[in-house]
Amino acid sequence: MNRIHNMSYAKRILAWVLAVTVVLSILTIPQGESYAAAGTVKSIAVTNLPAKQLTLKKGKTFTLKSKVTVTGKASKKVTYKTSNKKIVTVNAKGKITAKKKGTAKIYVISKANKKKKCTITVTVGTPVTKVKLNKTKSTMTVGKKQTLKATITPKKASNKAVVWKSSNTKVATVSGKGVVTAKKAGTVTITATAKDGSGKKAACKITVKNQVKPAPTPVTVKSVKAIGMMQVQVELTGTKELSSSDFKIYKRKYSFGSYKKECNIDSVKTSDKITYKITLDTLDALVTGDMVQVVIAKMNYKGEAAYKGIIREQTTKSEIIKSVGDSINHYSDEKYYEPGLVGLCSFKITGELPQGITYKIIKDDDMFNGITDCLEFSGSFTKGGIYTTKIEVEDEIGNKVHHTITWKIADENRLMAADIVQYDYLRQEKGETKKSCHVDLDASVYGGNGSVKYEILECSNEISYSKSAFGLNCILDTEKTGTYTLKAKVTDTEDASITTILSVTIIVKDSVAFKGCVYDLDGHKITSTVADVAAPYYISLYAKEKDTLCDASEFNDPKSDGSFQIFVPDGTYDVFVASEAQDIGTWVCDSKVTASTPYQKIVLPVYQITIGSDNPAIDIRNFTKWRSNERKTIYGNVIYLTAGTHIWTSTATIDGVEYTATLNVTVTDKTRSTTVKAHVVAK
């Protein structure tokens, strides 16, 4: 009996101990876990700001209103924290107080799950006091677009950005840049709200109307295109008989200018009475950027087109090897990516950048292409690895570049070495009787402990090399075509487990001579009148095949007699010839270059002007170097100019007296290919 009683007593004691343990375990659950035990915190948002930004004057306050989205019975309570109490403070109720000028972060943090938070950037500075739109009312047609512009007061506001919103996106939408797109008939209000949290806003009421279908016409002009330096194409929607007298062509240089110049028409040809090709007189040759206007009176038509020159599309790639800790500075080769296109460009960046590296689009003032866009990289490399960045660029006239950058970032536990594939070709240098190829390149090595050793795995006899802690210098000298390779295993001298492979492949092709001469519009060779000075133009070949080195390369100067001879591999090229006297050039696209390619005759849209002297006592040949108002330089007393007015000056010292010669010439149908006297006076 006592035994049974003792067992019963022991069971009661055990039950009591278990109950106490459960209570204690509940009481000791971490606070965050107890809040989240009944559900999950999904997100935190601030509801009384248009964006996660706020600007306050020093001494001013603002109270945040937060919204916590949860599932179940998870707590919706939050805490507030500032990144810099000297700039802004925040109390437990979300009241922010601006202390001094600067920028800080305010964090709204879930009590139930501290990983869930919302970050607000607070600037203590100058808030927006007024937002004004360029329109308060507007009417649009379905399918059309217009851009609203917001003006911010004061001009020195710390944050001038606005948030755009449509009251009815079924009627019209608005982009982040204020571009309104009409969707369907109705009324909509577009609102621009200051992004700095000041609450300032402005609105535009827009009425959208349905499109009114135009009455059908039997035949209209479908398109007008400037398809060549001296050719304009007009395409109709159907057949219609037109003659030369039915067309009038005008041109202007600037898009914002007016049409003052009527072009002379040499001929009008059509094979189907739909597409008409109009050939202009050589004096009216177009240059890239010129605008042409086509007037067809009997069709009540007036339209225009721009001469864009030749549209090209290129695929390129590059490799960049660096170490963790390296920075991209102003002098770094990788600081800029310049696509070499024309005017403003659109960029699409995909893939990934190395950690620590950022980019921005900036303007690049190129002497030939004018103001265009490029990428500027900056930052320091913070993590090793291989990163691939793909860049798609299109300029405003349609040229495209597809570029891939492979970033190899080494660190103390990882070596990175070059993997080079280079194309070159045999060429015959001046004074040589045989063709040969010489390549001198550096294959870099980065990373590890700063000291490496090399094991040559493979090396062509024609390649010589020298070693250093930074890589291999490789030199190839050959008179034969073929593929030449060097491969080496690179090992860290302090840690043999850290290795990589360095690879160099040089593909050498044969070459042929691309020969020809450049002429002006009247058939004169473009030559130099000064001994040992090249003719005043330059020529470049751009390869269409990816495995040819010659893409975007400039070659040797032309001879003084106007002829050129360039050694390049067999292939298809776009040829570009440009004047040294003016920013003007011409393209010859898809030129097949082989051993049987005939002698080329390329025409530049310029005319020959021979310079004379209005002072019979002074020989104009004393003036050898001429300078234009556009800061171009040319030599000799024969120059090549486009139609229009030009001013050139030169100086010379004759018998101890300094003279100035000024040439003021207007090239027209009457003054082309003639002699024009410069005004020569003593200083």
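Numbering starts at 1 and runs along the chain as it is shown here.
Glycine too: its Cβ is placed from the backbone N, Cα and C atoms.
Listed in TrEMBL for this protein:
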DOMAIN    40-119  domain 'BIG2'
DOMAIN    127-204  domain 'BIG2'
Report summary line: The correct DSSP tally for the domain 'BIG2' (40-119) reads 0 helix, 45 strand, 35 coil
Requested in this report: Would you report the average pLDDT that the model assigns to the domain 'BIG2' (127-204)?
Outcome: 94
**Report entry** Residue counts (helix, strand, coil, in that order) that DSSP gives for the domain 'BIG2' (127-204)
**Finding:** 0 helix, 41 strand, 37 coil
